[in-house]
Amino acid sequence: MFLSEAGARPRAGEISASERRKWVEVFKACDEDNKGYLSREDFKVAIVMLFGYKPSKIEADAVMSSANPDTSGVSLEGFLNVVQRKKEAQLYRNEIRHIFTAFDVHYRGFLTLEDFKRAFSQVAPKLPSRTVLEVFREADQDSDGHVSFRDFEYAMNHGKAK
């Protein structure tokens with residue numbers, strides 16, 4: 001068993017009608033000339049409006065490289081796909097943060113082996129202590145006896161079954 005098998009998975013699926021309307025409204029607001037697509041700058045503004053941060057050059061390049069070469073921009077359909085993926089990633093990260101916080105009962109910002117033992121005894125009481133120790137050691141990337149949120153997030157995203 002590894003952390004990524006513990007149940008935290010992106011929740012792919014349907015977006016609500018109100019959320020879709022909001023995204024379409026943002027698209028239209030950023031498509032000032034009614035071109036039917038968002039330029040690189042339009043896209044950046046739309047992401048700021050929806051997520052509160054300016055996308056990096058790498059992120060913008062990745063989106064623009066998948067854009068229609070005839071329009072040199074991102075269509076509504078493409079924009080909705082990008083926004084939905086970003087929203088799912090955001091929800092997944094929040095879920096990981098929630099799990100980490102549930103493990104971190106002392107609010108220290110890191111987890112110890114004792115935190116792992118306590119959490120696993122509640123959710124998987126028959127799991128051998130040796131397995132809990134192995135999971136902890138694998139999550140503790142720098143072997144300092146503490147699993148930071150970054151360590152935990154990495155383990156949740158990249159863990160492998162043994």
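Just so you know, glycine gets a Cβ as well, placed from its N, Cα and C.
Bear in mind that the values here come from a model prediction, so they are computed numbers and not experimental data.
Per Swiss-Prot, the features are:
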type	residues	note
BINDING	Asp140, Asp142, Asp144, His146, Asp151	Ca(2+) binding site
DOMAIN	18-53	domain 'EF-hand 1'
DOMAIN	91-126	domain 'EF-hand 2'
DOMAIN	127-162	domain 'EF-hand 3'
Checklist entry - Once the chains shown are all counted, how many other Cβ atoms turn up within 10 Å of the Cβ of Asp151 (Ca(2+) binding site)? => result 19
Checklist outcome for this item: Residues lining the Ca(2+) site besides Asp140, Asp142, Asp144, His146, Asp151 (CB within 8 A of their CB center) are Phe110, Ala139, Gln141, Ser143, Gly145, Val147, Ser148
Next on the checklist: Restricting to the chain of Asp140 (Ca(2+) binding site) and a gap of 6 or more, list residues whose Cβ falls under 8 Å of its Cβ, or answer none.
Outcome noted: His146, Val147, Asp151
Next on the checklist: I'd like the number of other C-beta atoms within 10 A of the C-beta of Asp144 (Ca(2+) binding site), please.
Outcome noted: 10
Checklist entry - Can you count the other CB atoms that lie within 10 A of the CB of Asp142 (Ca(2+) binding site)? => result 9
